[in-house]
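Listed in Swiss-Prot:
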- 1-29: signal peptide (SIGNAL)
- 30-352: topological domain 'Extracellular' (TOPO_DOM)
- CYS32-CYS35: disulfide bond (DISULFID)
- 32-35: motif 'CXXC' (MOTIF)
- 139-179: domain 'EGF-like 1' (DOMAIN)
- CYS141-CYS155: disulfide bond (DISULFID)
- CYS149-CYS167: disulfide bond (DISULFID)
- CYS169-CYS178: disulfide bond (DISULFID)
- 194-243: repeat 'FU 1' (REPEAT)
- CYS264-CYS267: disulfide bond (DISULFID)
- 264-267: motif 'CXXC' (MOTIF)
- 291-332: domain 'EGF-like 2' (DOMAIN)
- CYS295-CYS309: disulfide bond (DISULFID)
- CYS302-CYS318: disulfide bond (DISULFID)
- CYS320-CYS331: disulfide bond (DISULFID)
- 353-373: transmembrane segment (TRANSMEM)
- 375-395: transmembrane segment (TRANSMEM)
- 396-410: topological domain 'Extracellular' (TOPO_DOM)
Amino acid sequence: MGMSRRMFLTVYGSLWLLLLLSRPGVSKPQLCQTCQNLVTNVLKGIEKTAGLNFGGGNTAWEEEKLSKYEISETRLLEVIETACDKSDFDCNKMLEQNEEHMESWWFKKQKEQPDLFQWLCMDTLRLCCPKGRFGADCLSCPGGTEKPCSGNGQCNGDGTRFGTGVCDCYTSYGGPVCMDCALGYYEQARNESHLVCSECYRACSKCIGPGDDQCVLCKRGWLLHDGKCIDIDECGTEKDHCKSNQFCFNTDGSYECRECDKSCIGCMGGGPARCKKCNKGYYRDGVKCLDVDECDSELPKCKGSHEECVNTEGSFTCVCEKDYSRIDGMCRPDSYDSNAEKGLFDDITDDEVVVLQQMFFGVVICALATLAAKGDMVFTAIFIGAVAAMAGYWLSEKGDRALDSFMKGR
């Protein structure tokens, strides 16, 4: 391969790597895994196509043809066609961008570089390292290549050309090489190569054994006393940070802020008996804040025609009477046709009718009284008759209902 061709492949491979790394969702260590999967599938394809289409007959002829087929372009194409699933974007992209490398290995490098994974993924594309190594220079992971992180954690970037090499210790382990017990765990057994860590009592952050009296340090919210961790009552020491309409509820090692009862304005605990003050719509009955029944009042709360009051917790609501429904803000009979043409006085309520009646009679009587005062006997007689008629109307059953409706209001 000429110098210019090698340079082209190097630049082309670098551009491909940058393109793949820039794709959202692709992590650097994942590229090594993609390369490893590709190599695994290629090797499976090589195994599957070994001796393909040769099943007996002229042995000399078969040996000649087989030796040609073994490293033929036909066989390489058959292997490559099955190397990636159609839905595996990363694998197909890697294969597409590295066909030149695959051909170079297939035709020229196989015998001297039989390990395709090492040649392609480690040495050529520089995506992977041997197990127990990490980073651009394939440095040894903490704890050694044989047992990275002492077997109690995961070396960051292990087996790839990426990562920091820092040990991510498993639960219960800690330290730079995961050979210490984490906070909340104690050393149960240890030798030169193995460590067993077990959990402390739940209140201990550091301990020498599993018992509640073997604590060395306590978790937040607990106080160490004679080897035991005692719960701190944040509610009793006023260390809580609850809002004005919440109360403090102590828990093991902490506390909770819980909502006051809806009948309360400020409280010292749960329920209507722990209120500091009663909320609007409630009254204090002994020690409890109870709901005020606004509907049980001499003054009607619902002033609309055919409305009735329904008490609710801390308030009330106005609903239409039976066989009535609210239409256009008013309680109408269920048979009411909202599309029917309305008359001039259809929207006048009973209370408004009473007021109009009073105004009409008032004007008439005032006019008659003025004329009667001038000594006109005819108008005097009419005035007396009008007063008598008006009195008779108000004494009638209809007048009583109208007056009662007016006095009670809407």
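Heads up, the Cβ atoms here are built off N, Cα and C, so glycines get one too.
Projection of Swiss-Prot feature records onto the structure.
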residue: CYS32; record: disulfide bond; Cβ within 10 Å: 23
residue: CYS167; record: disulfide bond; Cβ within 10 Å: 25
residue: CYS169; record: disulfide bond; Cβ within 10 Å: 20
residue: CYS178; record: disulfide bond; Cβ within 10 Å: 25
residue: CYS264; record: disulfide bond; Cβ within 10 Å: 24
residue: CYS267; record: disulfide bond; Cβ within 10 Å: 23
residue: CYS295; record: disulfide bond; Cβ within 10 Å: 16
residue: CYS302; record: disulfide bond; Cβ within 10 Å: 20
residue: CYS309; record: disulfide bond; Cβ within 10 Å: 17
residue: CYS331; record: disulfide bond; Cβ within 10 Å: 20
Which residue, out of the disulfide-bonded residues CYS35, CYS141, CYS155, CYS320, shows the minimum number of other Cβ atoms inside 10 Å of its Cβ in this structure?
CYS320
Top of the disulfide-bonded residues CYS149, CYS318 by count of other CB atoms within 10 A is CYS149
Give me the DSSP three-state residue breakdown of the motif 'CXXC' (264-267), ordered helix, strand, coil.
0 helix, 4 strand, 0 coil
Cβ under 8 Å, sequence separation of at least 6 from the ends of the motif 'CXXC' (32-35): give me the contacting residues as numbers and ranges.
90-91, 94, 117, 120-121, 125, 127-128, 159-162
Model confidence over the motif 'CXXC' (32-35) (mean pLDDT, whole number)
94
Quick check on the motif 'CXXC' (32-35): DSSP residue counts for helix, strand, coil, in that order please.
4 helix, 0 strand, 0 coil
Inter-residue Cα distance where the pair is CYS309 (disulfide bond) and CYS302 (disulfide bond), in Å
6
For the C-alpha pair, I'd like the distance in angstrom between CYS178 (disulfide bond) and CYS318 (disulfide bond), rounded off.
70
Go through the disulfide-bonded residues CYS32, CYS35, CYS149, CYS155, CYS309 and tell me which ones have a CA within 10 A of the CA of CYS318 (disulfide bond).
CYS309
Between CYS167 (disulfide bond) and CYS155 (disulfide bond), what C-alpha distance do you get in Å?
5
Between CYS155 (disulfide bond) and CYS264 (disulfide bond), what is the CA-CA distance rounded to a whole number of Å?
57
Reading the DSSP string in three states, the entry for CYS149 (disulfide bond) is helix
Rounding to whole Å, the Cα atoms of CYS309 (disulfide bond) and CYS169 (disulfide bond) are apart by 67
